[in-house]
Amino acid sequence: METLYTVLIDPFVQMVEVPDFFLQVLWEGLVSGVLYSLIALGFVLIFKSSRIFNFAQGIMVVFAALSLVGLHSFLVPYVGNEFVAAAIAMPLTLGIMYALAMGVERMVLRPLVGQPDIILFMATIGITMFLIGFGEFVFGGENKVMITEALGIPTGAIEFEPFGGFLLMEEKDVFAVVMAIILVISLLVFLNKSAMGRAIRALGDDHTAALSVGISLSTIWVLVWFIAGVIALATGIVWGARAGVSFALEVIAYKALPVLMLGGLESVSGAIIGGIAIGLLEKVFEIYWGQPLFGGNTETWFAFIFALIVLLFRPQGLFGEKIIERV
Amino acid sequence: MFYRTSGQFKTSYESDQALFPIKQDMVLLVVILATMYVIFPMFASEFTYKALLVPVLIYSLASLGLNILTGYAGQLSLGTAGFMGVGAYACYKITTIFPEMNIVIALFLSGFFSAAVGVAFGLPSLRIKGFYLAIATLASQFFLVWLFEKWAWLYNYNASGAIEVRTMDIFGLVVTGPNASPMVQYYFVLGIVSVVTFAMINLTRGRYGRTWKAVRDMDIAAELVGINLMRAKLSAFAVSSYIVGIAGALMVFFWKGAAEPNLFDIPMSFQIVFIAIIGGLGSVMGNFLGAILIVALPVVLNLLPEILGISIGSATMEHVNVMVVGSLIIMFLIVEPHGLARFWALIREKLIIWPFPH
């Protein structure tokens, strides 16, 4: 009886009684949800255009953030000014991500065209291992601090007092959410309005048909991997500002996987909505159910189990394309 | 020349379907087994046992388990390490609850626990397919590792949260714990791996193996010809997790000696998937070839600079190592996506018709 009470009634009583804390929890969940969405978006773009389940998205986040921080600390002694150094390091990092996209396309994807999905998936894990080794080799394995101030990201906090309570929003979280929204909107505009964006979607719809109307596969793949790299950089900056830049960041890639299950592997809107939903739910579950009942740290598996349950009812995810099977 | 098949006639279906259709295959196997059982122990040092021989065997076994599921039944799983953990913790609990029990029996019993957990997490495979299923198996991975950390009963309420293997013996011969000799442990692992491999070769050739292959190639078609999909998929999950569980128990009891929950974390799952894929999906032998490559390669790479007389910091070496292994994996996938087993099959074909080109 007491267990039932803690499971079914107590959490909701708390939510209503301490609404400001509930709002705080929701806000935290929203921020991490937005970041999950961003990573999932990188996955979806690559999956849509090339049917590759790109496991390397997580390490690309780390690698982009490391490059930025590494270049910045390398440049500061030469330039003398933090802000100028950041202004130079930023385009250089984008250049590195472009070079990475080119390299992946040339050396990994092109020789593997037409192989089964699982082989390509394994190849991206190979890329992950290579980037881990390369990143540690070049930048060292120790934790680094994201150059938040040099990039002009605000670091203060905003306080609200809803319902006579207390709600704290860190400005860099607000920045993260705003930046994610801008990024997503510009991406959607790019995909829907520009010729290149349409080519990407055409490739996602039908490979052969897209090729036959003259869309260049290799150009699009480089472009898609580059966009994924830009998204990775954005994610790396905002997540690095929250938790520091280290290889532990790679685990957030795993967080994006249930988002993909939930939203569907091909759906851009699914990635966004799924990410926010999972971010919110896992935070709420951890605070109100996980800690009192299971001893906490449920965030590692909650999203997976939740997505699994949803998938049992909709095997292609909430927004995925209907799976039609023929013999 | 060595593989000439002339003069070997098959006069019955039985001989056509025999385990060794060509006599030379059997000779080769006998040579390999003799090397494993007699030659290696004559020369191996303690380091060789601990760093090369035993790990390769244990990883081969785990990969064999995964291969049953992924290579034969076509269900991609990324949660192998979690099931290994179930086997290890089950074996640990069994040996603490029944201290008198023979370790061999405890090992084979612990497999049943991981099989049960495997079936439970295999249930979604009836609805979910492909990458969605692969991610779903990650759910088991994260959930199980979390459980190993939080459920104190599993590790006997140790303060350290880790399980430690006590000294156990079979008929007076110490096999586990810090006092066991590496050679005895090697023979023990080798024996179990041989038995399980032999059983699996025959299982995959038989009725169940064929059912699994039919499901792998196209599950709807398999259903239409009268295969019970539920039974086929769940039996694959059960057999696979059973073997994987034994491999996990072997790993903790006969190699590591102690284990923390994060030993069974996701990198090990991926390592085993790599072994299965580099070795060759749908092949028993491939697992051993893949394990030799993936497990032994880093060890050899680590020794390489010392042999060449170059001094590199161990941290740098570690990083270069990861890089090299990553690029080698990509290279192998490009050169031979069907794995080392296919490589061997091609060589064997060439040998049979040698010296003629066709």
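Cβ coordinates are placed from backbone N, Cα and C, and glycine is handled just like the others.
Bear in mind that TrEMBL entries carry predicted annotations, made automatically and left uncurated.
Feature list (source: TrEMBL):
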TRANSMEM  A:25-47  transmembrane segment
TRANSMEM  A:59-78  transmembrane segment
TRANSMEM  A:84-104  transmembrane segment
TRANSMEM  A:116-139  transmembrane segment
TRANSMEM  A:174-192  transmembrane segment
TRANSMEM  A:213-239  transmembrane segment
TRANSMEM  A:259-281  transmembrane segment
TRANSMEM  A:293-313  transmembrane segment
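Note: the stretches the transmembrane segment (A:213-239) and the transmembrane segment (A:116-139) are not in contact (fewer than 3 CB pairs below 8 A, sequence gap of 6 or more). Comparing A:59-78, A:174-192, A:259-281 for CB pairs under 8 angstroms to the transmembrane segment (A:116-139), the maximum falls on A:59-78. Same-chain neighbours of the transmembrane segment (A:174-192): 30-31, 34-35, 37-38, 41, 153-154, 158, 198, 200-201, 227, 231, 234, 238, 241-242, 268, 272, counting only residues six or more beyond its ends whose CB sits under 8 Å from a CB of the stretch. Through the fold, the transmembrane segment (A:259-281) approaches residues 26, 29-41, 43-45, 47-48, 53, 184, 187-188, 191, 204, 302-304, 306-308, 310-311, 316-321 of its own chain, all at least 6 residues removed from its boundaries and within a Cβ separation under 8 Å.
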